[in-house]
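Swiss-Prot has this to say about the protein:
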- GLY85, PHE90, ALA136, GLU137, ARG149: S-adenosyl-L-methionine binding site (BINDING)
Amino acid sequence: MQEIPEKPLSQPAGTEIIEKYFPHLSERQREQFEQMGGLYTHWNALINVISRKDIDNLYLHHVLHSLGIARMLNFKPGTSVLDLGTGGGFPGIPLAILFPQVSFLLVDSIGKKVKVASAVAEALGLDNVRTMHCRAESIGEKFDFIVSRAVMKLSELAKICRKLIRREDQQNALPNGLICLKGGELQHEILPFRNKAMTEELWPTFEEEYFKTKKVVYLPL
């Protein structure tokens with residue numbers, strides 16, 4: 001078994017849980033995930049982007065949860081992804097570490113949250129990440145996929161996202177579309193898309209109890 005190096009005391013423990021489910025990370029990726037703890041602890045004390053009582057659960061509730069999108073699809077190199085309503089950088093920043101050859105645009109309508117996401121991405125050396133303070137209606141680009149984390153109801157999200165999806169150059173295992181992280185009972189929310197949407201339960205693939213109600217929803221657009 002590979003020995004996991006001791007983490008600096010200034011960083012919250014928890015990167016072991018990332019390596020548990022993603023054991024083939026490069027040394028650079030491991031370093032970036034480790035650095036996230038200290039960076040978010042610092043920035044969250046200045047600008048509240050994560051509940052302060054939840055910052056100790058950063059790796060389980062935020063980083064690993066974000067990486068649940070990779071359980072639905074492994075993005076191919078050259079894919080372009082929009083993280084809509086990124087907040088402080090979730091799910092976009094963990095995904096950008098996992099997929100260094102994929103380009104990510106992280107967008108939020110709240111400027112102080114974008115400031116945190118931008119600072120963290122820069123500190124991590126994520127050259128594949130851009131950030132933008134704007135609303136979805138102001139985005140003038142198209143993307144292969146849009147990801148989000150419980151931003152709004154699926155029907156509202158789909159309506160906003162349709163015009164932002166690139167129709168040509170389909171290169172991934174799933175057609176271009178929307179992938180979002182959801183929790184709780186989704187039957188009513190997914191009903192209008194029952195013939196198109198795919199739902200993936202994160203538990204027991206992620207065996208921690210936190211994930212028992214967590215799902216990934218994919219909708220081709």
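Every residue, even glycine, has its Cβ placed from backbone N, Cα and C.
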Item to check | Protein Cβ atoms within 10 Å of GLU137 (S-adenosyl-L-methionine binding site), excluding its own | outcome: 9
Checklist outcome for this item: Close in space but at least six residues away in sequence, with Cβ under 8 Å from that of ALA136 (S-adenosyl-L-methionine binding site), the same-chain residues are LEU84, VAL107, ILE160, CYS161, LEU164
Checklist entry - 10 Å Cβ neighbour count around GLY85 (S-adenosyl-L-methionine binding site)? => result 22
Item to check | Nonlocal neighbours by CB distance (under 8 Å) for ARG149 (S-adenosyl-L-methionine binding site), same chain, sequence gap 6 or more | outcome: HIS65, SER66, GLY85, GLY87, PHE90, PRO91, CYS180, LEU181
Checklist outcome for this item: For PHE90 (S-adenosyl-L-methionine binding site), the number of neighbouring Cβ atoms whose distance to its own Cβ is within 10 Å equals 26
Next on the checklist: Please report the three-state DSSP label of GLY85 (S-adenosyl-L-methionine binding site).
Outcome noted: coil
